Amino acid sequence: MTLRTRLTISYTLLALLLIAVKVGCSSLVALTLLQELLLTLGLLALGAAGIYSLAGRFSQQLDASLAHAVQLLGDGETEALARLPLRGDELALLQSTLLQISSKLQDSMQRLTSSEERFHALFDAMVEGCALHRIQYSPDGTPVNYVIEEANQAFEQLLGLKREQVVGKPATEAYQTDSPLYLQEYATVVATGQPSRFESCCAPLDRHFRISACRVGPERFATLFEDITEQKSHVETLRSTMQQLKSANEAKSRFLAVMSHEIRTPLNGITGMVQLLRDMEMPPAQREYLNFIDSSAESLLNVINDILDFSKIEAERLELELVPFQPLKLLHDTLRVMRLRTQAKGLLLSLVCPPDLAEVLVGDPHRLTQILNNLVGNAIKFTAGGEIVVRASSRSRGDGTVLFAVEVQDSGIGMDQATQQTIFEPFIQADSSTSRRFGGTGLGLAICKQLVELMHGTITVASSPGNGSTFCFAVPLKPGVLPAAAPEPVAVTGLDQPLQILVAEDQPINQRFVAEILRKQGHLPLLANNGKEAVDIWNSTAVDMVLMDIQMPVMDGLKALAAIRAAEDGTKRHTPIVALTAHAIVGDQERLLNAGFDGYLAKPLQVANLFEEMARVLEQISKERRL
């Protein structure tokens with residue numbers, strides 16, 4: 001009988017007893033009912049006590065078993081957990097669940113252990129130093145330090161510090177510094193979450209580092225750094241070398257400028273006197289000697305120009321013009337001059353052009369002429385007899401340009417394959433005897449190659465010993481149109497009437513040359529030996545034009561120019577001043593014109609060029625006055 005049933009019966013008997021008493025049943029009946037009720041209550045009490053006792057003992061056993069099971073689960077004792085003596089379906093289910101949880105925990109722990117091992121292996125295998133840190137703050141939230149929480153082996157090697165010496169310690173203690181290294185940079189990374197990358201010299205360690213920092217959690221950041229001390233040293237060495245090369249290049253440029261000036265100055269006297277002598281009557285033998293002098297001076301000037309051109313190209317300071325020109329006219333004009341040389345050697349020089357040769361192209365006719373002069377000049381130099389043929393062609397290309405090609409073929413000494421491999425290198429000639437037999441610097445073909453490449457073209461050679469050589473260059477140029485013919489210039493009252501011309505020149509020979517050619521044209525030269533004399537003459541005499549040398553004693557040409565222009569300031573007077581100078585390297589002309597000169601001519605002077613420049617300057621100033 002269940003406890004609930006017994007209680008129901010007891011309540012029923014008690015109710016019957018009360019009813020009996022109320023309705024006046026006999027005391028015997030009531031007593032009998034009471035006895036039955038008490039007996040039932042007693043049995044119930046005994047049953048409840050037994051049940052409580054049994055339940056307590058069972059609960060204690062269950063609590064102990066569960067506690068033991070949890071202990072085994074926490075210790076990972078799966079096998080002991082499986083042998084734990086638990087009874088009942090519920091307890092068996094509990095045991096099975098605990099076993100499953102234990103198995104999953106073990107798997108997770110194994111994966112975690114494996115992952116941690118891989119992380120540490122990777123962490124320690126890194127060639128860059130790596131460390132984890134935690135920022136320390138003052139009570140008001142200001143970052144004051146950071147603690148090193150972990151570091152890899154590269155950290156030890158790069159910094160020379162053991163992990164056990166630094167891990168867990170503040171940066172100031174670990175690095176033995178008064179203030180934490182790069183604290184502000186690291187605090188910014190932690191505060192903003194934005195990674196940072198910078199280079200710095202760590203003074204305490206006397207090393208240069210490239211450092212990367214990133215936030216890895218609240219108040220924590222990681223640093224990755226590599227030692228770039230050696231790299232910095234290489235960079236500094238390279239920078240020092242580059243500075244030395246720059247200084248050497250500047251010294252070379254200064255040397256070339258001085259060399260050019262010092263050679264051009266006496267050369268101007270030589271060529272000037274030759275030009276004056278040509279107007280005089282003399283026996284044929286003397287005229288021949290004069291031609292030899294003129295030819296030698298021209299050769300010397302060509303050497304100077306080649307060296308300067310090569311220097312300009314090498315320094316990437318040579319700029320190409322882009323102007324319309326007629327290829328056929330350029331070829332005829334160039335070869336017309338060259339025929340004088342071929343005729344002197346008994347050579348035949350011919351030009352072969354197709355009828356469809358491009359009429360007008362856009363390029364640098366001066367540099368194309370220079371290339372052609374070099375190639376034809378070499379052909380003349382190395383050909384003792386026979387013929388030199390120049391062939392030209394043009395072909396339209398798909399990109400809208402025209403490929404202009406010129407071929408120079410000679411019947412000269414030729415060259416072998418080894419020589420052809422180096423013939424376009426500077427200062428290289430066929431062999432060491434070539435310069436003795438034929439002269440030259442060996443720069444001509446190198447300049448040709450560099451000029452052609454500046455024009456985005458190609459140059460090649462085909463040759464064999466004793467069978468002559470064929471040089472060919474091809475450059476892409478745009479088709480062009482010649483500009484409309486310029487209107488006839490307005491007549492200028494200038495060189496067609498006598499002028500009083502101030503000549504400022506410190507070299508007596510050059511003074512004599514310029515003065516003579518001016519007198520021959522009916523002008524009156526006023527001579528000054530330096531810039532100060534030139535300014536004094538200008539102040540005291542009405543001067544129509546000044547021809548000014550630059551490098552002079554007492555006062556140079558630039559200072560004399562400045563003094564004259566200052567005196568003219570505020571007046572309507574403007575004296576035409578032309579620079580006649582041996583300063584002829586790249587940039588000199590622009591520099592002098594920007595300084596205030598109206599014209600520029602480089603020495604050695606050619607008479608025709610001098611009067612042409614003088615006329616141009618007078619025309620330009622006259623035009624400006626009319627406006």
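Note: Cβ is positioned from N, Cα and C throughout, glycine not excepted.
Copied over from TrEMBL:
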type	residues	note
TRANSMEM	12-31	transmembrane segment
DOMAIN	258-479	domain 'Histidine kinase'
DOMAIN	500-618	domain 'Response regulatory'
MOD_RES	D549	4-aspartylphosphate
Inset, instruction - Tell me, roughly as an integer, the mean pLDDT over the domain 'Response regulatory' (500-618). - result: 94
Inset, instruction - Would you mind pulling the DSSP three-state label for the residue listed as '4-aspartylphosphate'? - result: coil
Inset, instruction - Report the DSSP secondary-structure composition of the domain 'Response regulatory' (500-618) as helix, strand and coil residue counts. - result: 55 helix, 23 strand, 41 coil
